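Annotated features in Swiss-Prot:
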- 11-17, 39-41, R292, 318-320, 386-388: GTP binding site (BINDING)
- D12: active site, proton acceptor (ACT_SITE)
- D12, E13, G14, K15, N37, A38, G39, H40, T125, R139, Q212, T227, R290: IMP binding site (BINDING)
- D12, G39: Mg(2+) binding site (BINDING)
- H40: active site, proton donor (ACT_SITE)
- S286, T287, T288, G289, R290, P291, R292: substrate binding site (BINDING)
Amino acid sequence: MNRVVVGLQWGDEGKGKVVTYLSRYHDIVARFSGGANAGHTVNYGDFKVIHHLLPSADFTKNRGIAIGSGVLLDPQVLTEELRELKEKFPDYSGEIFISESAHVVLPVHKEMDRIIDEVLKIGTTKRGIGPACADRVMRVNVRVAELGNEEKLRYFLEKNLSLKKIYGVDFDAEKMMGDLSTFYETIKDFVVSPVQLKRILEEKSVLFEGTQGVLLDLDVGTYPYVTSMNCSSSGVSAGMGFPVEVDEVLGVFKAYTTRVGEGPFPTELTGEEGEKLRKAGHEYGSTTGRPRRCGWLDLPLLRYAIEISGVDSLVMTKADVLNGFEKIKVCVRYSDGRDLVSLRDLEKKEPVYEVFDGWKSLEDKNFERFVDFIERETGRPVRYISTGEKLEDIVEV
């Protein structure tokens, strides 16, 4: 059985913990998009692990991991995560696969990201994702496949860096050659072609791990305040590099809403209310450390994300954060009364709220009513509920 896990908001929904928990039911966890701009935190009890590139498998159970063609690899980050994997999980014996078609984020991409965001004010993570994607489309970027071939690596680096000089950005190609060659030595035993990866995964039960959230998807998110890649389930096959059969799509959402960076946010709470929610949920980015914008759950946006990503079942996270709130609001529609089929004018939307009595614990009837309401409004069952920070704090409904 193959399943996909996607975020249904603007990322940070808790997908990492959910994927790690669900990986016990699968042979392998595969990343199909994103880069080091993603941050997945998993609390194993005695220690926490934050992954930006490695798939969020349960390494205590030796689940395999695969990185597809659509993932952008930051050499420094991946090297550190592989080192940490050996250090924190010394008995790990799972298989590791990296597609040779995956592209590499270069130091020049991070500098370009910084320069571009000063002008566009998108609020990126400055991890070089956008510029790397642009170079990929322009066919001047370095892939994993080029790292083991000095002649090809030099060719692509020189082409790439010559274009950057237009922007006044200059990097040492020879130093970059050396760094990338060292990186290749670290990963070369894991590198496979897309055909090889396809054959391997066809024999496995695979959990495909999405990054960010549907509302940050390049094509169907809150453009231009989006990431540079596909975050919905439609990106799985393209991101892996071959057609993928999927049996179930699981959509993860918080019991409230958060967002990092710029862009429309109809239910955003400012002032004391927003700060209270931020502190209760420890809402600070795992990649940037920036405080997240916080607001109430937005059902029109949730329904939009569910439909556009073909979600079958739901996973609710951080419901425990709302423990002790006297009243809890949920946006049930917008004041214009229209069905949300486009995010084009989202910044003009005014939320209409339904107010729920709060709960002191997730055993309260009030919480049960809250979950029932969401299931009715979305037409999807809530299959799992995250009840705390630790990996095992998940209830199968």
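Yeah, the Cβs are placed from backbone N, Cα and C, and that goes for glycine too.
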Cα distance, G39 (IMP binding site) to G289 (substrate binding site), nearest Å?
-> 10
Most Cβ neighbours inside 10 Å, all chains, among the binding-site residues N37, T288 | N37
Surrounding CB atoms that lie within 10 Å of the CB of G289 (substrate binding site), all protein chains = 8
With T387 (GTP binding site) as the reference Cα, tell me which of the recorded positions N37, H40, P291, R292 is the closest one.
-> H40
Which site among G14, P291 has the most other CB atoms no more than 10 Å from its CB, taking these as binding-site residues?
-> G14
Check the Cα distances from D12 (active site, proton acceptor) to each of the binding-site residues N37, T125, T288, R290 and keep only the ones within 10 Å.
-> none
By a 10 Å Cβ neighbour count, the lowest-scoring of the binding-site residues T41, T125, Q212 is T41
T41 (GTP binding site) - helix vs strand vs coil (DSSP) | strand
DSSP three-state call for P291 (substrate binding site): helix, strand or coil?
-> strand
